[in-house]
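Heads up, the thing below is written out as C-alpha cells.
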Protein chains: 2
Amino acid sequence: MSKNEQNNKLLIIPLGGIGEIGKNMTIIQYGKEILLIDAGLMFPEEEMLGIDIVIPDITYLLENKDYIKGILITHGHEDHIGALPYILQQLNAPLYGTKLTLGLVEGKLKETKLNKKNISMNVVKPPASINLGSFTVDFIRVNHSIPDSVAFAIHTPVGIVCHTGDFKLDQTPVDGEKADLNKFAELGTKGVLALLSDSTNAEREGYTMSEKVVGHTIDDIFRSAKGRIIIATFASNIHRIQQIFDAAYKNDKKVAVVGRSMVNAVNIALDLGYLTIPKSLMMELDEICRLPKERIVIITTGSQGEPMSALTRMAMSEHKKVEIIPGDTVLISASAIPGNEKLISRTIDRLFKSGANVIYEPISGVHVSGHASQEELKLMINLVKPKFFIPVHGEYRHLVHHSRLAEEVGIPQENIFITENGRILEFTKDSCRFAGRVTAGKVLVDGLGVGDVGNIVLRDRRQLSQDGILIVVVAIDKETGEVVSGPDIISRGFVYVRESETLMEQAREKVKQSLKKCHEENISEWSTIKSQVREDLGKLLFEQTRRRPMILPIIMEV
Amino acid sequence: MSKNEQNNKLLIIPLGGIGEIGKNMTIIQYGKEILLIDAGLMFPEEEMLGIDIVIPDITYLLENKDYIKGILITHGHEDHIGALPYILQQLNAPLYGTKLTLGLVEGKLKETKLNKKNISMNVVKPPASINLGSFTVDFIRVNHSIPDSVAFAIHTPVGIVCHTGDFKLDQTPVDGEKADLNKFAELGTKGVLALLSDSTNAEREGYTMSEKVVGHTIDDIFRSAKGRIIIATFASNIHRIQQIFDAAYKNDKKVAVVGRSMVNAVNIALDLGYLTIPKSLMMELDEICRLPKERIVIITTGSQGEPMSALTRMAMSEHKKVEIIPGDTVLISASAIPGNEKLISRTIDRLFKSGANVIYEPISGVHVSGHASQEELKLMINLVKPKFFIPVHGEYRHLVHHSRLAEEVGIPQENIFITENGRILEFTKDSCRFAGRVTAGKVLVDGLGVGDVGNIVLRDRRQLSQDGILIVVVAIDKETGEVVSGPDIISRGFVYVRESETLMEQAREKVKQSLKKCHEENISEWSTIKSQVREDLGKLLFEQTRRRPMILPIIMEV
C-alpha cells in the first residue's frame with residue numbers, strides 16, 4: 001500500500017489478541033501518527049515445547065518507529081503488559097496508563113534483567129483526556145479482575161474509536177469505582193465510528209457476577225472453618241485480596257502472604273494505595289504459624305496448579321514452611337485458564353489426600369470472571385452505538401459469538417468485521433474495509449533467546465520428546481574410507497538400554513551392513529551414506545518397536 | 001501376608017481405577033479363587049511423552065494365575081476392556097460379559113496384532129447369574145453411555161459384594177432397557193456386605209439427564225438446519241448414533257458414517273442387533289455427497305479434537321472427501337475428556353473459520369453424561385444399603401465427594417474406605433480393614449514396547465523436549481591421548497544453528513579448553529573427561545541462553 005493513499009484514512013491494525021487469548025496489541029494509525037494499545041504476552045501452546053512465553057511480532061512497528069506517539073495501557077495484566085520489556089528494547093515511546101498499571105509495569109521492567117532505557121511513564125487518572133499528535137484519548141474507567149482498568153475513546157480526525165480493553169460492568173465494585181457508563185453513553189450520543197470490544201466471555205449467557213459475591217463466600221467460609229485457611233488466587237486480583245483481608249479482620253484472623261508474585265503484587269498495591277490493610281492484620285509466615293490454627297489465613301499463589309508455585313509445593317509437602325494437615329481449609333478462588341485443568345485437578349487431589357477440605361469451582365461464588373458476559377456485551381454496544389463493530393480479545397469462536405450479539409442488537413452484518421492479526425482495517429468517516437496486511441505473528445521466547453526458536457527447532461523437540469534419539473558414531477580412515485572405529489550407538493529417550501541389548505546389537509549390525517553396502521557400491525558422499533544409515537536403521541527400529549526416534553549418524557574422518 | 005490366614009476372608013484389591021479415571025481393574029479374592037472385574041486402559045498423562053497408553057501392573061495376577069476363575073466385564077469402553085489384549089498374552093481365563101461388550105472385545109482382540117490364544121468368551125444376558133467356584137455372580141442391568149452395561153452382585157461365602165461398574169439411572173433409556181432398580185433393592189433387603197460404586201460424577205449435583213434429551217436436541221437441529229449436518233460423537237455411544245439415525249429418518253435425511261472407529265462400532269452394533277436402521281437410510285460417503293445439501297448427515301469421530309480424526313481433518317481441509325463449507329452445521333455431541341479442552345477449542349475455531357455453524361457444549365442438551373450424579377449415587381447407596389462402602393472409579397477428589405454423599409445418607413464414617421490401587425481390603429462377615437498391599441502401578445505402552453519405557457527414558461524425553469540436545473564428538477589417538485579430530489558439535493532442538501554460529505564457535509572453544517585442561521592434569525578417565533565437558537559447556541550455554549540442553553560428549557578412540 002502506498003503511504004500517500006492512506007494519509008487521510010484511519011487504520012486499525014491488531015498485532016495480537018485476535019483469534020487468540022493473549023498477546024494483546026493494537027495499532028491505531030492516522031497518516032504518520034501511531035498509537036499503540038497494550039503490549040501483552042501469551043503463554044505457549046502445548047506443542048511449543050520448551051518455550052517460556054510468546055510475544056507479538058512487531059516488525060511493522062519497527063519499520064514505523066518514528067511514528068509512534070505513545071503506548072496506551074488498558075490494565076496491568078501480563079497479556080497486556082508482558083511484552084513491554086521486550087519491545088521497549090527495540091523502540092522508544094512514552095507510556096500512558098493509570099497509577100496501578102504503570103506501577104506494575106515498572107515492577108516488571110525492574111524484574112526482567114533486560115537492559116532498559118529511560119522510559120517516559122505518564123500516569124493518567126480517569127476520567128481524563130490526553131492529547132497525542134492528532135489524537136485525543138479519553139481514559140474511561142471499566143471494571144475488571146484488577147483495579148484501575150480503563151477503556152479508551154480515541155478521537156481521530158476520521159472519527160471516534162472506542163476500545164474497551166478487558167472489561168466487565170460491576171454495579172457494586174469492591175473499591176466503589178464503577179465503570180463510567182455515562183461516558184460511554186455520551187460517546188454513543190455524539191457518534192462513534194468503531195467499537196473494539198472484549199470477546200473473552202462472548203459464549204457466556206447473562207451477566208457476570210459482582211466481585212462482591214466472592215467476598216460474601218469468603219466471609220462464610222471464614223466464619224465456619226475450624227482450622228487454618230489457605231487461599232490461592234491470582235496475584236493481580238487486588239480486590240479479591242482486599243476482600244480476604246476484610247473477611248480476616250471481621251472474623252478475628254491474621255493473614256500471611258506467600259509466594260513471590262503474590263508478595264510483589266501486594267507490596268505494589270499497598271505502596272500505591274490500592275489495598276487498605278490495618279498494620280497488625282498482616283503477619284510474616286513464621287510469626288503467624290505461632291498463632292492458634294483458627295486464627296491463621298494464608299494467601300498464596302498456585303491457583304493454576306503451577307508446579308513451582310507455593311500451593312503446589314504445600315500440597316506436595318515440598319514447601320519449606322507450610323505443610324497441609326487435616327483440618328486445613330483450602331480455597332481455590334480462581335477458575336482454570338484453558339490448558340491448566342489437569343494441573344489444577346492434581347493439586348486438588350493432593351490437597352484432599354493431605355486431609356484438607358478443598359473448596360473450588362464450580363462451587364458457586366468461589367470465583368467470578370473479570371470479563372463481561374453476553375448481556376453486558378450487548379449493553380456496551382447499545383450504549384456506544386458504533387457505526388462499525390470489531391470484536392477483539394478472543395479465540396475465533398468468541399469473535400463469532402460476539403458478532404452474533406452485535407447483530408442481535410442491530411449492527412448491520414456488513415458493518416461487523418472479524419479481523420485477523422496483521423490485517424489492516426481502513427476507515428473513512430463512513431466506510432470501513434480490509435486493506436491489506438502487515439507482518440504479524442508469534443515470536444517465541446525461550447530463556448534469553450527471543451525469536452531464535454523456530455519451526456525446525458520445535459519440530460526436532462517434538463520428535464525428540466516422542467521417541468528420543470539414536471546417535472550412530474563411526475570413524476572412517478580418510479585415505480581408505482574404511483571403518484576405523486565403531487559403529488557405536490548411543491540412545492537417549494528411546495528405550496531403557498539395559499533391557500534392550502539385543503535390539504542395540506541388531507542396530508549395530510544393521511549399520512554395519514549399510515556401511516558395507518555403501519562401500520561396495522563406491523558411495524562416498526557422506527550425506528548419501530548418512531541417509532542410507534538413517535533409512536535402514538529407521539526401518540529396523542520401527543519394525544521392532546513401532547517407534548520412530550530421531551537417528552543422527554555422525555561420521556568422523558581420521 | 002500368609003495365605004493361610006486369609007483363607008476364610010474375602011479380599012478386594014483394586015489394581016486400577018482408584019485415584020484415577022481409567023485402567024479400571026478390581027480383584028475379588030476368596031482363598032484360592034479370584035474373580036477379576038474389568039481390564040481397562042488409561043490415556044497417558046501429559047508428562048508421559050511419547051507413551052501411547054497405560055495399563056495396570058498385573059504382577060499380583062501373574063503370581064496367582066491359577067486362581068483366576070474368570071474375568072467379568074461391566075461394559076465395552078476402553079477404560080474397562082482396553083488392557084485385555086495385553087493381559088490375555090500373559091494369563092488365560094474365561095471372559096464373561098454381555099453380547100455387545102464381548103462383541104467389542106472381540107473386535108479389539110482382532111485389531112491388535114498381538115497374538116492371541118483361544119479365549120473362552122461367555123455371553124451372559126441380564127438378569128442372569130453364573131457360578132464361578134465359590135462365587136455366584138448376578139449380572140444386573142444399568143444405564144451408561146454404551147448399551148448393555150451391567151453391574152455385578154457377587155455372592156461370596158463372606159457376603160455379597162456389589163460393584164456398579166460405570167452407571168447412571170436413565171428413567172427413559174433409548175433402548176427401553178432400564179437399570180434394574182428392583183434387583184438392587186432386593187439385594188439391599190437381603191443384606192449387602194460391600195458396595196463399590198462409580199464416583200466419576202460425584203462432584204455433580206442433581207440428576208444426570210436422560211439420553212433422550214439429546215435426541216430432542218438433535219431433532220430440533222435437524223429440523224432447522226439449512227445445509228449439511230456433521231455430527232461428531234463417541235463411537236461407542238450407540239444410543240446417540242441410533243438417535244441421530246432416528247432424527248435423520250424423521251427429517252427425510254440420509255446418513256453416512258465416517259472414521260474408522262465409528263464405522264467399526266456401527267458395524268458391530270448392527271451385526272449384533274444394537275442398532276435398528278432402515279437399509280436405505282445409510283449411504284456411503286461418495287454416494288451421499290450427490291444428494292442436495294439439506295439431505296446430508298455425516299456421523300464422524302473427532303469429538304475430542306484428536307489431530308488425526310475425521311472431523312479434525314475436515315476442519316483443517318485435509319480430509320479426502322469432505323471439506324467444511326459455509327452453510328454446514330457441525331454438532332459436537334460430546335463433552336471434553338479432561339486434558340482435551342484445547343484441542344477441541346482449536347477444532348471449533350477452525351470449523352467456524354470455514355464458515356460452519358458449530359453447536360457444542362455447554363449449550364444445553366447437546367450431550368449428557370453417562371455417569372450418575374449426586375442424587376443417583378445417593379439413591380444407589382440407599383437401595384443397596386451396604387454395610388461397607390468403597391467409592392471407586394475416580395480421581396481422589398471424586399472419591400472424597402462420594403464418601404461424603406455416603407455419610408449423608410447414613411453410612412457410618414468408619415465403614416467407608418477410600419482405598420488405593422494395590423491396597424488389600426480384607427472382609428469378614430462383619431468387618432473390613434486394610435491388610436497390606438500387593439504390587440500395583442502403571443505399565444506404559446509405547447508402540448510395541450510394554451513396560452520398557454520407564455522413568456529414565458521419560459526424564460530424558462522431557463529434557464530433550466525442553467531444550468534439545470548438543471552432541472560433542474571428538475576422536476582421540478589411543479596411543480597418545482591427543483585429539484585427532486574434532487571437537488565437532490551437533491545440536492538438535494536447541495537453537496537454529498545458522499543464526500547461532502558465534503555461540504557454536506564459543507562452544508567448540510570451550511570444549512577444547514576442557515579437553516586441554518584434562519590433558520594437562522593427566523586425567524584419562526573418560527567418564528571424568530565427559531563430566532568436565534558437560535559441566536563447562538553446560539555453564540557456558542546457560543549463561544548465554546538460559547537453556548539447559550542435554551549435552552552428550554562422545555569420545556572415540558582411534
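One is the number of the first residue shown, and numbering goes on along the chain from there.
Yeah, the Cβs are placed from backbone N, Cα and C, and that goes for glycine too.
Look at TrEMBL and you will find B:22-218 tagged as domain 'Metallo-beta-lactamase'.
In the structure as shown, the Cβ atom of B:Gly50 (Ca(2+) binding site) sits within 10 Å of 24 other Cβ atoms. The Ca(2+) binding site annotation in TrEMBL covers B:Gly50, B:Asp52, B:Asp446.
What TrEMBL lists as Zn(2+) 1 binding site is B:His75, B:His77, B:His80, B:His144, B:Asp166, B:His393. Same-chain residues at least 6 positions away in sequence with a Cβ under 8 Å from that of B:Asp166 (Zn(2+) 1 binding site) are, in sequence order, B:Thr74, B:His75, B:His77, B:His80, B:Val142, B:His144, B:Ser149, B:Asp198, B:Thr200, B:Gly370, B:His371, B:His393.
If you look up TrEMBL, you'll see B:Asp79 marked as Zn(2+) 2 binding site. All chains included, 23 other C-beta atoms sit within 10 angstroms of the C-beta of B:Asp79 (Zn(2+) 2 binding site).
If you draw a 10 Å sphere around the CB of B:Asp198 (active site, proton donor), it holds 30 other CB atoms from the protein chains shown. If you look up TrEMBL, you'll see B:Asp198 marked as active site, proton donor.
In this structure, B:Val368 (substrate binding site) belongs to neither helix nor strand by DSSP; it is coil. The annotation substrate binding site is assigned in TrEMBL to B:Ala235, B:Ser236, B:Asn237, B:His367, B:Val368, B:Ser369, B:Gly370, B:His371.
Per TrEMBL, active site, proton acceptor is recorded for B:His371. Neighbour density for B:His371 (substrate binding site): within 10 A of its CB lie 22 other CB atoms from the protein chains shown.
The most densely surrounded of the binding-site residues B:His75, B:His393, judged by C-beta neighbours within 10 angstroms, is B:His393.
Counting every protein chain shown, the number of other Cβ atoms lying within 10 Å of the Cβ of B:His77 (Zn(2+) 1 binding site) is 26. Put simply, B:Ser369 (substrate binding site) is 30 Å from B:Gly50 (Ca(2+) binding site) when counted between their Cα atoms.
Listed in chain order, the residues near the Zn(2+) 1 site other than B:His75, B:His77, B:His80, B:His144, B:Asp166, B:His393 are B:Asn24, B:Asp38, B:Thr74, B:Asp79, B:Ile146, B:Ser149, B:Gly165, B:Phe167, B:Asp198, B:Gly370, each with its Cβ within 8 Å of the site Cβ centroid. By the criterion of other Cβ atoms within 10 Å of the residue's own Cβ, the least surrounded of the binding-site residues B:His80, B:His144, B:His367 is B:His367.
The Cβ neighbour count for B:Ala235 (substrate binding site), using a 10 Å radius over every protein chain in view, is 24. Sparsest Cβ environment among the binding-site residues B:Asn237, B:Ser369 (other Cβ atoms counted within 10 Å): B:Ser369. Straight-line distance linking the Cα atoms of B:His367 (substrate binding site) and B:Asp79 (Zn(2+) 2 binding site), rounded to a whole number, equals 20 Å. Taking the Cα of B:Val368 (substrate binding site) as the reference point, the closest of the binding-site residues B:Asp52, B:Asp79, B:Asp446 is B:Asp79. For the domain 'Metallo-beta-lactamase' (B:22-218), the predicted model reports an average pLDDT of 95.
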